[in-house]
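Worksheet: the structure to be examined is printed underneath.
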Amino acid sequence: MIAVLFLAILCLEIDSTAPTLDPSLDVQWNEWRTKHGKAYNVNEERLRRAVWEKNFKMIELHNWEYLEGKHDFTMTMNAFGDLTNTEFVKMMTGFRRQKIKRMHVFQDHQFLYVPKYVDWRMLGYVTPVKNQGYCASSWAFSATGSLEGQMFKKTGRLVPLSEQNLLDCMGSNVTHDCSGGFMQNAFQYVKDNGGLATEESYPYIGPGRKCRYHAENSAANVRDFVQIPGREEALMKAVAKVGPISVAVDASHDSFQFYDSGIYYEPQCKRVHLNHAVLVVGYGFEGEESDGNSYWLVKNSWGEEWGMKGYIKIAKDWNNHCGIATLATYPIV
């Protein structure tokens, strides 16, 4: 049913009568399709090939402009090459803001000094990059990421936690399978539930199923959670003093879909149009410290083949670029 729906959307976005294909790209197309295990019926293949070619040429143009100094990051073809941007955003994001009770607010004025560089991966706070698949469940991965870090801080043990536990057990009043959710609601669930299962005991599948939580498999708990004021300075202090922080960003753009490396700056990014949840695990500079080369180090949940082995550097101190500081939060354990 989902495949049929997206094919219908695709036909509306592309002239499906007879898309003109570029035979000079036959080799690249076949190599890409083989690498990613893509198989289509006859009608769909022409449409998907047309989308892929459009994306391929857009990436090529961007990278030429990068060499000319017009951009600070590169793009590359990846597993999302046959998706239109509309499809991509619907299938691969997953942040949906919802009502939540009043919560504690991070008191950033208490911290006067913070280091210039932070990378919590180096101190053991961060689990390997995960993959949400074609499911808008980024909120669950962002929530487990910050909770994994706080549990490591408390216990000295880094244990991957179960996103599937969240998808299956939170209830339709809070989230709906692969249709998006909110990290604070995930923290509230863990608090009310008295725990969250390990990934090993409750592995990720995707679309929600019957809840199968068992308390004996819990490896985390939440006492409360904290909202960080929507300023980059406050987020910087929280990342430095607390650990990995759950945030939401605007990931609506082709440039995010095909990000490869470098400091991501997208002029069309919005501070309030937030649709994708990620995890800030640090910050720093590329090269010498100067205006324009600072970044947030962000863990994504699209597998290690995307971006910088699953990570992206988002422009820092650029007026809250892509809304990275707008809705930042972490759990108290």
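Cβ coordinates come from backbone N, Cα and C, glycine included.
Annotation comment: Swiss-Prot describes His276 (among others) as active site, evidence class similarity to another entry. For His276 (active site), other Cβ atoms within 10 Å of its Cβ number 26.
The active site annotation in Swiss-Prot covers Asn300 (among others) and is backed by similarity to another entry. Take the CB of Asn300 (active site) and look out to 10 A: across all protein chains shown you find 28 other CB atoms.
The Cβ neighbour count for Cys178 (disulfide bond), using a 10 Å radius and every protein chain shown, is 21. Annotation comment: Swiss-Prot describes Cys135-Cys178 (among others) as disulfide bond.
Taken from Swiss-Prot, the feature disulfide bond applies to Cys169-Cys211 (among others), supported by similarity to another entry. For Cys211 (disulfide bond), other Cβ atoms within 10 Å of its Cβ number 14. Under DSSP, Cys211 (disulfide bond) is assigned to coil, being neither helix nor strand in the three-state scheme.
Positions annotated as disulfide bond by Swiss-Prot: Cys269-Cys322 (among others). Just so you know, the Cβ of Cys269 (disulfide bond) picks up 23 other Cβ atoms within 10 Å once every protein chain is counted. In the three-state DSSP assignment, the secondary structure recorded for Cys269 (disulfide bond) is coil.
Swiss-Prot lists Asn173 with the feature N-linked glycosylation site, giving sequence analysis as the kind of evidence.
Positions annotated as signal peptide by Swiss-Prot: 1-17.
Cβ environment of Ser138 (site 'Ancestral active site'): Met92, Thr93, Gly94, Phe95, Gln132, His276, Ala277, Val278, Ser301 lie under 8 Å away, each six or more residues apart in the same chain. According to its DSSP assignment, Ser138 (site 'Ancestral active site') is helical. Positions annotated as site 'Ancestral active site' by Swiss-Prot: Ser138.
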CB within-chain contacts under 8 A for Cys322 (disulfide bond), separation at least 6: Val249, Asp250, Ala251, Tyr264, Glu266, Cys269, Lys270, Arg271, Ile314
Cys178 (disulfide bond) and Cys211 (disulfide bond), distance between Cα atoms, whole Å: 15
Around the Cβ of Cys169 (disulfide bond), the count of other Cβ atoms that are within 10 Å: 20
C-alpha spacing of Cys169 (disulfide bond) relative to Cys178 (disulfide bond), in angstrom: 13
Neighbour tally for Cys135 (disulfide bond), based on other Cβ positions within 10 Å of its Cβ: 23
